[in-house]
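As structure tokens, the structure follows; a few thoughts come after it.
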Amino acid sequence: MEIAINDRSRTAGLRKKGFFRKGIVYLLLLIILVVTILPFVWMLSASLKNQATIFQHSMQLIPKDPIWSNYSDVWHKVPFATFYWNTIKVTFLSTAGSLISASLAAYAFAKLKFPGSNKLFLLYLATMMIPGQAIMIPQFTTMKHLHLVNSHWALILLHLFNPYGVFLLRQFFVQLPGDLNESARIDGCSELGIFARIILPLAKPALVTLGIFSLLWSWNDFLQPLIYLSKEKLYTIQMGIRYFQQLNGTDYPLIMAATTMSLIPIIIIYLFAQRYFIEGIAVTGTKG
Amino acid sequence: MFVKSVKKYGVAYLFLAPSLIGLLVFTLYPVLDSLYLSFTRWDGLTPVQWIGLENYRHLWSDETFKISLLNNLYYTVVTVPLTIILSILLALLMNAKVRGINLFRVFYFFPNITASIAVGIIWGAMFTQYGPINTILRFIGVSNPPAWLASTSLALPAVMLVSIWKGVGYNAVILFAGLQGVPRHLYEAAELDGANRFKKFIHVTLPGLSPVIFFSVVTGIISSFQVFDTVMAMTQGGPGRSTNVLVYYIYNSAFQNYHFGAASAMSYVLFVIIFILTLVQLQMQKRWVTY
């Protein structure tokens, strides 16, 4: 009897302790969530205020009279639609291109035998270590020779050949069983046929992961457009919002509206594909 | 013989061609050309002039270069350890078995997917004299909060804060994935030995995470030497030269002042710094990383 009572009070105590611990975990999770999200919430709220209210009541997160016209003003005051279109174009072409070039090379490294294969692969790995900024000057002069300065092709070309993508896809292709290739070869299928009809469909998750990364890099890139593009009509969205900041140095509500609109596509894509984002990041960190 | 080997291996080289040509033209050739340019004086228009080690010698006496380098070191020494410590704590929290944890994880990653230029603009506005940061500070009793980005001593810490804010989610996700890989039986063994929570963390979790922590340190240092967008959006190197960092100085020297030779020398110094730091870490890895 005594034991039973003791036991009951002990489990109650444990449950209480677990409850308490869970409460603390939630509290911490919430605090971090607020710190993470607050700047975005503030951006949204500031984009609906005017220059006076933005700082008078800077922590009033739900503005009294939201000024929706800030959003349309952005499109009138700078060629925002052009910036948007330019970014969509550059992002699409460089993502599609880098998927093609990386998957072709990855297939060669994973499934084809050729002399120098290992050494070339090491070279790819080594170039992953070179910081982009260390070579941006000769890249610029090369583009100048190719007459590609002030053209979107410069951005697309620089983005197209990323050794990281080759590495990521190779790791995935290697795991695919080799007898698939063998039997297709015996049936008289060409290498390109095997690649396109067997390997690529199987590699969808890896391709999606690389595609998302590539898209993100391209959309968020600021330094390359800054170097290569000096004509306003060629600007990408990241340059566009910065340009807007310079033009309207003090007009915070409009700048915040422009920034919000620059983030929307990425956030939508992220919410749809966050599983791939997070898995991709996790894979690079733990198996790198 | 030749025809035979073309037949045998040609396909492989064809598959490789697009990416290999790109790599040669846009990465490997620039690495060498950058080295060559660093020994020249060149404004992009007049002919290239060979001046030997002059650019490197000049860097020794270039105040702005020294300040940029020191700022970069300061930035790295503060942001990398803080980001990683906070990320480990967040990863442990993310591992908690509570309802809705997935939703939290999704949001923590938000800062990382957004462009640093956008993030810099948002935080730049938040750090203004009457912005939300100071409103909060006043609310908790700081009567005279500083104008962060106008202060030579506080502008760089403000930029650091933003990069920590941006980096924690990313590293926490990697570390969280690493946590899943720590073998359960090690915890059980430690429990049998009577280890408490703290001891289990020190003797099981940390060693188990060490390869992932190592990855975070290496990539963290590399990216902290490449910081540019946030600086551009928040401070443009100022006030004075207090937030001038290497890439910002390289960008200004090359694309604003057209000192391509001098800027190439700085790029090479940056390259060598990153290379050496990475090698040193690969060496030190043996001492603390357990696989």
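Glycine residues also receive a Cβ, built from the backbone N, Cα and C atoms like all the rest.
As recorded in TrEMBL:
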DOMAIN    B:69-281  domain 'ABC transmembrane type-1'
TRANSMEM  B:12-32  transmembrane segment
TRANSMEM  B:73-94  transmembrane segment
TRANSMEM  B:106-127  transmembrane segment
TRANSMEM  B:147-165  transmembrane segment
TRANSMEM  B:206-228  transmembrane segment
TRANSMEM  B:258-280  transmembrane segment
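Residues 90, 94, 133, 148-149, 158, 161-162, 165-170, 172-173, 229-235 of the same chain lie 6 or more positions beyond the ends of the transmembrane segment (B:106-127) yet place their CB under 8 Å from a CB of it. Among the stretches B:73-94, B:147-165, B:258-280, the one making the largest number of Cβ pairs under 8 Å with the transmembrane segment (B:206-228) is B:73-94. Looking at B:12-32, B:147-165, B:258-280, the range that has the most CB pairs within less than 8 A of the transmembrane segment (B:73-94) turns out to be B:147-165.
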